[in-house]
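Engineer: First the structure, which I've put down as structure tokens, then a few questions once you've had a look.
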């Protein structure tokens, strides 16, 4: 076995570990506001609003300037490249706004999925070229963590061994480059909820994918204490006719994680994967109440499940700003409780909060 050549100094390791711990402190989680220009277009279109740079800026500002009740709930905020360089009405750059509320700035660094030729519609993720230079610049511009999304699909013959291995290696290479630049990498191997598979099949695939990811991270000498994982919860496929309880989903999810994710990993920040806002909170709560030993923080990194009601309430109208922020605060508070296993659904969730946010073959 070759000798280990140290990739990071003790100081670098401490910085990475400290950032990761801040993001997943008890009761805290991440707002994923890193939709690409194409993805945010779909959100704005759903409320009849034009996809202009100013509308995108105003909407992100609405989320970032919500009142101080969100401060103990949302610490990490993942931004898209454009948003990192936008400013609030008062002239402050968005990273400054986030930091003034005690938050940590994150940046989406992947460049989207591309087809893996010779597979049944499977993909890998591009964006490694020039990543080191971009990370160095992002660090200077105030970002302390990053996100990279890979996508896998459950089908009769998918995910293939090739897709699993390729995506695991891409995530590991990305993680290595981030850590060299003082940025905490969030690895996101998303298994899409598309399909009619049951809970057991999703659990099996999730275990195989995560095992491959952590083997690759080990091969690439990643410092696990300075990383976070952003996985899907283990849920049945969207077209599965059998219904499963929140407790069954929690047990399957925690079991899969316990079998594959080393305890050295600081935290697990779940994606919401098209669940309704309310469902995402209830399942997160059930996961935290699951009666198995859980060595990592288990919290949220939600996009649609923090924003859907707020987006509807805003409706593209400036005069609805406060109403929209109120909806966002509600979801932030709900998820802050859920990641501590303390959330009790009131049964009064608005229509928007109970609405499925599933999008077939979701591109980000």
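Placement of Cβ uses the backbone N, Cα and C atoms for every residue, glycine included.
Note that the structure is predicted; figures quoted are calculated from it, not measured.
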Engineer: According to Swiss-Prot, 272, 273, 274, 301, 304 bind beta-D-fructose 1,6-bisphosphate; which of 22, 43 is also listed for that site?
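Structural biologist: Same beta-D-fructose 1,6-bisphosphate site in Swiss-Prot: 43.
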Engineer: If you measure from the C-alpha of residue 301 (beta-D-fructose 1,6-bisphosphate binding site), which of the modified residues 39, 46, 99, 111, 132, 330 fall inside 10 Å?
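Structural biologist: Within 10 Å of residue 301 (beta-D-fructose 1,6-bisphosphate binding site): none of them.
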Engineer: Which one of the recorded positions (43, 111, 147) has its C-beta surrounded by the most other C-beta atoms within 10 angstroms?
Structural biologist: 147
Engineer: Taking Cα atoms as reference points, which of the modified residues 36, 99, 111 is nearest to residue 274 (beta-D-fructose 1,6-bisphosphate binding site)?
Structural biologist: 36
Engineer: If you count Cβ atoms within 10 Å of each one, which of the recorded positions 36, 39, 46, 301 comes out on top?
Structural biologist: 301
